[in-house]
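**Q** Could you have a look at this structure, given as structure tokens, before my questions?
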Amino acid sequence: MSNGPVHTNNFLPSVQIPSVNGIIYALLASVFWGTNGVLLRVGLRGKDVVSSTMTIMLVVSAITFAFSFGDLHRTATDPVKLAYLFLAGFFSYFVARVITYRSVTEVGSSRAFSATSTRILFSALFGYFLLSEDMGLYTLSGTLLMILGLYTFTTERIDRRELIISTSSGIFYGLASLLIKVGMLESVFVSVFIASLSGFLSLAAFSAATGRLEISINRYIFLSAMSLAAGNIAYFYSLSAIPLVIAVPLSNLYPIVTTTLAYIFLKSDELVGIRTFVGSVLTVAGASLISVSIS
């Protein structure tokens with residue numbers, strides 16, 4: 001078995017990670033992120049979406065702080081990069097996540113999470129127009145597949161307006177990806193913690209302003225936060241071992257995981273038919289093609 005690339009970090013010892021481990025980490029990220037959607041569907045029953053999202057981000061911030069603690073005092077900070085990371089946290093962990101979690105309660109976790117795959121499309125568009133990155137045949141083909149997949153969802157008897165709203169979250173996820181790319185610090189863990197903290201503080205401020213500042217917790221919401229944090233960590237380790245062109249498509253399988261788990265465990269909560277599976281697969285395939293073009 002051949003070994004993968006050496007992962008070097010100014011704050012961690014160099015380690016030799018077999019490339020097969022990188023593939024496993026990427027798949028684990030998909031599993032954790034996909035499981036997150038199903039846990040949310042159950043955990044958000046009768047809960048305020050904003051308060052619950054704030055609670056989830058509080059737990060995620062605590063976990064990422066624990067992982068970044070050893071790097072905090074040794075990481076060089078740049079005010080401009082910090083501003084980018086704070087904006088990334090605002091768009092990704094506040095705006096986009098509230099939209100996504102709200103959509104979970106309206107159109108179901110399988111459809112809402114498949115719609116978030118559009119973040120890769122919007123990342124490619126932002127990169128093309130703002131960073132002068134290339135946009136080739138893969139991007140165009142992937143875009144058509146994603147449009148076809150999302151159209152398949154609209155042929156079901158669901159609230160199309162809510163599906164469109166869920167899809168719009170991809171704009172903010174994509175914008176956050178651009179900001180993270182230009183604002184990344186030496187330590188990835190510190191960068192993720194700063195963005196997570198920004199999202200939590202934004203949610204806390206909004207909750208206070210709207211009279212919803214409370215910890216909204218149950219075991220499913222807590223497990224959802226744990227799975228979200230675990231997915232983020234697994235994704236980082238996959239990037240340390242395998243190329244982006246492999247890590248991104250594999251980790252982007254999470255909508256299929258969510259759809260499958262919803263079909264098995266949430267039959268009484270959301271209708272998951274053949275069109276849901278087809279739409280999910282087409283959307284993920286399109287996102288994977290786009291990720292190949294931008295990796």
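Even glycines carry a Cβ here, placed using N, Cα and C.
From TrEMBL, here are the annotated features:
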| type | residues | note |
| --- | --- | --- |
| TRANSMEM | 20-42 | transmembrane segment |
| DOMAIN | 22-153 | domain 'EamA' |
| TRANSMEM | 49-70 | transmembrane segment |
| TRANSMEM | 82-100 | transmembrane segment |
| TRANSMEM | 112-131 | transmembrane segment |
| TRANSMEM | 137-154 | transmembrane segment |
| TRANSMEM | 163-182 | transmembrane segment |
| DOMAIN | 168-291 | domain 'EamA' |
| TRANSMEM | 188-208 | transmembrane segment |
| TRANSMEM | 220-238 | transmembrane segment |
| TRANSMEM | 244-266 | transmembrane segment |
| TRANSMEM | 273-294 | transmembrane segment |
**Q** Pairs of Cβ atoms less than 8 Å apart decide it: which stretch in 82-100, 112-131, 188-208, 220-238, 273-294 has the most with the transmembrane segment (49-70)?
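**A** When the Cβ pairs under 8 Å are tallied, 188-208 comes out ahead.
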**Q** Hey, which of 82-100, 163-182, 188-208, 273-294 has the most Cβ-Cβ pairs under 8 Å against the transmembrane segment (112-131)?
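**A** It is 163-182 that shares the most Cβ pairs under 8 Å with the transmembrane segment (112-131).
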**Q** Using a Cβ cut-off under 8 Å, which residues of the same chain at least 6 positions beyond either end of the transmembrane segment (82-100) come close to it?
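**A** For the transmembrane segment (82-100), the sequence-distant neighbours (Cβ-Cβ under 8 Å, at least 6 residues beyond its ends) are 49-50, 53, 56-57, 60, 112-113, 116, 119, 165-166, 168-173, 175-177, 179-180, 182-185, 191, 194-200, 202-203, 206.
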**Q** Which residue counts does DSSP yield for the domain 'EamA' (22-153) in the helix, strand and coil classes, in that order?
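**A** So the domain 'EamA' (22-153) is made up of 112 helix, 0 strand, 20 coil.
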